[in-house]
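> To start, I am sharing the structure in question, which I have written as structure tokens.
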There are 6 protein chains.
Amino acid sequence: MNRLDGREWNELRSIQIETDYLKHPEGSVLISFGQTKVICTASIEERVPPFMRGEKRGWIAAEYSMLPRATETRNIREAARGKLTGRTMEIQRLIGRALRAVVDLKLLGERTVWIDCDVIQADGGTRTASVTGAFIALAMAVQSYHEQGKFKGFPITDYLAAVSVGLDAEQKTILDLAYSEDSQANVDMNVVMTGNGEYVEVQGTGEEASYTRGQLNDMLDTAETGVYEIIQLQKQVIGPAAASIEEKFSDDGSGRMV
Amino acid sequence: MNRLDGREWNELRSIQIETDYLKHPEGSVLISFGQTKVICTASIEERVPPFMRGEKRGWIAAEYSMLPRATETRNIREAARGKLTGRTMEIQRLIGRALRAVVDLKLLGERTVWIDCDVIQADGGTRTASVTGAFIALAMAVQSYHEQGKFKGFPITDYLAAVSVGLDAEQKTILDLAYSEDSQANVDMNVVMTGNGEYVEVQGTGEEASYTRGQLNDMLDTAETGVYEIIQLQKQVIGPAAASIEEKFSDDGSGRMV
Amino acid sequence: MNRLDGREWNELRSIQIETDYLKHPEGSVLISFGQTKVICTASIEERVPPFMRGEKRGWIAAEYSMLPRATETRNIREAARGKLTGRTMEIQRLIGRALRAVVDLKLLGERTVWIDCDVIQADGGTRTASVTGAFIALAMAVQSYHEQGKFKGFPITDYLAAVSVGLDAEQKTILDLAYSEDSQANVDMNVVMTGNGEYVEVQGTGEEASYTRGQLNDMLDTAETGVYEIIQLQKQVIGPAAASIEEKFSDDGSGRMV
Amino acid sequence: MNRLDGREWNELRSIQIETDYLKHPEGSVLISFGQTKVICTASIEERVPPFMRGEKRGWIAAEYSMLPRATETRNIREAARGKLTGRTMEIQRLIGRALRAVVDLKLLGERTVWIDCDVIQADGGTRTASVTGAFIALAMAVQSYHEQGKFKGFPITDYLAAVSVGLDAEQKTILDLAYSEDSQANVDMNVVMTGNGEYVEVQGTGEEASYTRGQLNDMLDTAETGVYEIIQLQKQVIGPAAASIEEKFSDDGSGRMV
Amino acid sequence: MNRLDGREWNELRSIQIETDYLKHPEGSVLISFGQTKVICTASIEERVPPFMRGEKRGWIAAEYSMLPRATETRNIREAARGKLTGRTMEIQRLIGRALRAVVDLKLLGERTVWIDCDVIQADGGTRTASVTGAFIALAMAVQSYHEQGKFKGFPITDYLAAVSVGLDAEQKTILDLAYSEDSQANVDMNVVMTGNGEYVEVQGTGEEASYTRGQLNDMLDTAETGVYEIIQLQKQVIGPAAASIEEKFSDDGSGRMV
Amino acid sequence: MNRLDGREWNELRSIQIETDYLKHPEGSVLISFGQTKVICTASIEERVPPFMRGEKRGWIAAEYSMLPRATETRNIREAARGKLTGRTMEIQRLIGRALRAVVDLKLLGERTVWIDCDVIQADGGTRTASVTGAFIALAMAVQSYHEQGKFKGFPITDYLAAVSVGLDAEQKTILDLAYSEDSQANVDMNVVMTGNGEYVEVQGTGEEASYTRGQLNDMLDTAETGVYEIIQLQKQVIGPAAASIEEKFSDDGSGRMV
């Protein structure tokens, strides 16, 4: 056991979740995975993008950004640069796609939920913290509309959380990488799973390296335990939204993680 | 006395200041003026912009942004839009210019201090909260370099704070306007002052309206009392940096606000 | 008395105004403040921006630019650069806002007046020359529509002019700064006033410097005499539009500058 | 067996590879996976990007684009739009990252290899065809430099190929999806592997759907057989470069796919 | 006779034309003038640009691009740069304008034909190859719509082809310049002509040089013979479209080139 | 004789030239061709663009723009739009290329001459007025440097002027088209010629029309007489620069226009 912050190889960092963090958005949360801190908000707009008009379905669009000094050295603002980096594009596409996998877009109606994930402090795992926090903001926004009777049925179908896992420089599997670990890792994998224990997204990348099927399996096993823990936390903080989600589960629920 | 939030006409909102808010920047603060919340950071870079190279002087550059859902309805991100709005440009130019008025750029040396003001929640007065918070982040960053012996002398020459003042729909002077007041005001004035009671910036704008010299004078009197109170708060939170600033004052100090 | 061009401290530069300078715009003027020359045009468009549709009000939008060689060294064109500088944004926002303060937007009807200020030669005070010239172009465009019976009432409510004032390197107040003065000044203030002697905009900025309340008062007094002179000139050149404006004044008119 | 084009569920489309397709680039290929056709080129530049100067390592940068009418309905050119889409960014980042995993950047020296993948006809699987073709162009460009004695050792360490795999609407695993299959699939997975049978990239995405661990395993098994076949083809077309790569393999080579 | 590739001064390079080159576009061709290779496609869209709506006329819009490694040294992609170069703009405007000269836009109906010319290999004369190939793609797309009875009459009124001609360093006239010739030429002229032997576009440019009326005449004579040959080739490859065009010619047809 | 403004078919509009129009540029002129008015300036910068460094040659770069209300309806500023139109690009490339044809870039030394042509009022022929005026500004700027002994020899080798010519709706040749003529013309041709009667640029464009060789010849004949007249005017206004140019002519000068 020799992780820099004293964690076990399969141990998550301390996760803090402060819901209703901002007053304007329909749902908002400040989520921390260790020193990584992200403000996630969900804003419901009563219309869909032009390409979806008339389809009687909703949409979930996500945007991601980092404060210039979220990182050790200051980054140039994308607004000043005039365009988004590829990394930002990739992350915000991932967040939107992941959330859409647990939402019944027909039940959402012709509405767009805008998810904004703004990293105020970065220490590795900003995309997994963003997906995890975004789900909470989304659930709370949707629950508040649900309580106002705006949906025909509760549109969220399951929990959703994400975690990172990787192979360190000595090829050992580690869970929830901090920045100092991530920058040294041979393999970096992000896993997004539902409460039902299914995958929504698996992205495993060798950094000038490759990995075997056995290593892939170890990483997936480890990620699963991490996601399970995180969903337990989500369940606690979203309160009534959790009840609404669970009503959606079929009676048997065999094999569910949560 | 009929302000919406029960304040007197010349009463500031509650001001909260949390210093060392982020771990990476040399100076950082979360400042709230009522419901308006801004993260201000100061990042010191060991070089100056190209146009200043070789001048043996430093520079202070400021950037300002709002989270999309800092406001009641969601704003399009400037990074997504690909360019800054005129409002953002105007505010960030104001912040940089104001701070440069209380910094001896020669003592700063060939360094740039990047000031980032990111509004996470907006309820009026974001630019004055930004100037006020940015001064604190700057003072703390500069003090930390000062303690490392990096300057020939402490480069900050005085305190600096800002407040808004205006004429409401009934032409009455009010201090520190919340958004609901600002959107109804006939005149909106931002005043930036030093600890010595001098003006660095006065910007008074009629919104499809004009104002008399008498009204201007009333607004300036009111702003002065507000700035005085705010500087008292700054003084408390910046600790050792306050001592460094005050050593710069001449002995008599007659007429100083602080 | 030691201004570089021999003027008294409170003396304006020679102001030349050539109305109907271009054939296409509804109103146009070439205005010179000394060596500063600006082409100002007013173009009336029979619709408003999308965000105002259906409000039964008009809008005044202003754009400002400088020819690349208006200045001593050639500037890169903003069109080539692909974006506006902050300075341009700030000035064009000021021009639009100032003009809207003397226009009854309801009487204007659902129309946009586009104001274009193009500096062909710059020698300090381009923004005050622009506001002053833009008012003339606006008045002439509006008068021509008025004569065609397109308004329910004349929509301009008062004269409007602007002047700069500042503190020179020896802290003396000077009026209408030429570029050589402006670049040395400690304080630069732009004052926009109506014919009624009221303020529409006061912007006083210390350039790495601050100023006292007494100095502020001196600058405001000086600016007022400058604006008064300029409005006299406007009155002469706009002819029938002046009569239309003056009909709007109440009988007593006590305390009016013009 | 009911794929639209009559293939077995685990059957690749016909793959055509035309090397030395263009006269200017150091390496070039026209690769087809069925109706999907991509021109891949490798251009060697004798310098590295600014952020890598002096590190004595090379770099591989990839760019990806589609002709406007590569697809059934015409797409707006990204050059006309003025910015890249997120999809393009994501794909070109994937191509560059994948190739870097089989290149010893130190042996490459301070050079950049630019990989350009231009899709002239799209029918699903453009990113996997691009990775596969880009490897060939890279190998041929590197071999030609190698023959000129420009490297201390052959910098490519292994073969590299990619294939797509997915779950169709009936949750059955299918290999190498054509567009008509891809647009109906529940899960879309791209797998990039080395000649050694290791993973460089696994990206499995539920499209408004999720998938189980068992399904993930089936897809990985299927992808592996596809990659194995493709690498056999690569080996045939790259000729002398294949010999150079194989010299790098250790003697035993146990478990190698090729 | 000393052209680098052994051609006579008035000899075209070998021209290859592969029609129906791509499966999606209504018309497509791969055209080669020697080593210059361009993919030209014609896409018919059932609407016109906003500025033409309701005019009961169609439009032809052209876009031009080069693959980054079409040239000897790699060019930065215009999509990466974020804007088109002046050269690209000039060429695509020329292509669109030239084609519109032989199309009856009223017979086209309220449709836009998008012409895309993508240079995959450049060796001089890309714009003339583009015009020539674009005409073929257009003719084939229009013929296919014509066969479906979508037009009131066949909208193409004549053949159209282009060729380059120039003065080499010794002031001798040469036809169809390859890149090595073009980069040394004193004068570069592009001539676009109809099947009727008339000019649609003549653009003759001295490259830091000028030319006499006699030289201009020689170049025009030479271009005419080149265009004549090219139109013969077009006629062969477009098959039924040629018949449709020729039906448009008046009976006598005196003086026609084809 | 039936031109709208009463001119003969081969008659130029009245041409006015005001030299030294602005105080900052090395050369400047306000040129009018009838109602078309363009400010042309020449700015000499003591360096060349990066791609030319060390070549011991100079460069001439041109930029062109129109004030938004130079035209009958207001145009959106290219700076606001964030990019140049194709038309602007085309014109500024033409101006630069044309001027370079009469300048010995080696004699210019490692300097860039920036030509700025800003159309303040447009009534047809802005590009030919720009070329003509730009030559005057260039000649005056170069002459002033020449008088300061900055060149080894006078770098301008000949006069340069441009004129438009066209075929009207009745296929008649007309010289120097005003906007009302240009917008109706079948063919629009711009001809740039030297004082020696040679062509630098011929651009003849059918507007949804074509033209015969005979018509081309008529247009060229007519353009030549127009250019001749314009060069006479240039000669008068550029004074000492004319003498410097003429010293460059060989003794016989047989066949020279001027």
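Backbone N, Cα and C define each Cβ position, glycine as well.
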> According to TrEMBL, B:G125, B:T126, B:R127 bind phosphate; identify which of B:R81, B:R87, B:R100 is listed for that same site.
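So the phosphate site in TrEMBL includes B:G125, B:T126, B:R127 plus, from the candidates B:R81, B:R87, B:R100, B:R87.
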> As a test of the contact definition, list every same-chain residue at least 6 positions from B:T126 (phosphate binding site) whose Cβ is closer than 8 Å to its Cβ.
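Set apart from B:T126 (phosphate binding site) by at least 6 residues yet with Cβ under 8 Å, we have B:T36, B:V38, B:M66, B:I91, B:V119.
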> Around B:R127 (phosphate binding site), how many other CB atoms lie within 10 A of its CB?
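For B:R127 (phosphate binding site), the 10 Å Cβ neighbour count is 25.
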> Measure from the Cβ of B:R87 (phosphate binding site) and count the other Cβ atoms within 10 Å, all protein chains considered.
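Taking every protein chain into account, the count is 14.
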> Of the residues in the domain 'Exoribonuclease phosphorolytic' (B:11-141), how many are helix, strand and coil by DSSP?
45 helix, 41 strand, 45 coil
> Out of B:R87, B:G125, B:T126, B:R127, which binding-site residues come under 8 Å of chain A, measuring Cβ to Cβ?
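It is none; no candidate comes close enough.
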> When a 10 Å sphere is centred on the Cβ of B:G125 (phosphate binding site), how many other Cβ atoms does it contain?
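The answer is 27.
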> Tell me the residue counts in helix, strand and coil for the domain 'Exoribonuclease phosphorolytic' (B:158-225), as DSSP assigns them.
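Per DSSP, the residues of the domain 'Exoribonuclease phosphorolytic' (B:158-225) fall into 17 helix, 28 strand, 23 coil.
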> Could you tell me the mean pLDDT the prediction assigns to the domain 'Exoribonuclease phosphorolytic' (B:158-225)?
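Mean pLDDT, the domain 'Exoribonuclease phosphorolytic' (B:158-225): 96.
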> Could you name the residues, excluding B:R87, B:G125, B:T126, B:R127, of the same chain that surround the phosphate site, i.e. Cβ within 8 Å of the Cβ centre of those residues, in sequence order?
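Apart from B:R87, B:G125, B:T126, B:R127, the close residues are B:Y64, B:I91, B:V119, B:A122, B:G124, B:T128, B:A129, B:S130.
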> Need one number for the phosphate-binding residues B:R87, B:G125, B:T126, B:R127: the maximum pairwise CA distance in Å, whole number please.
13
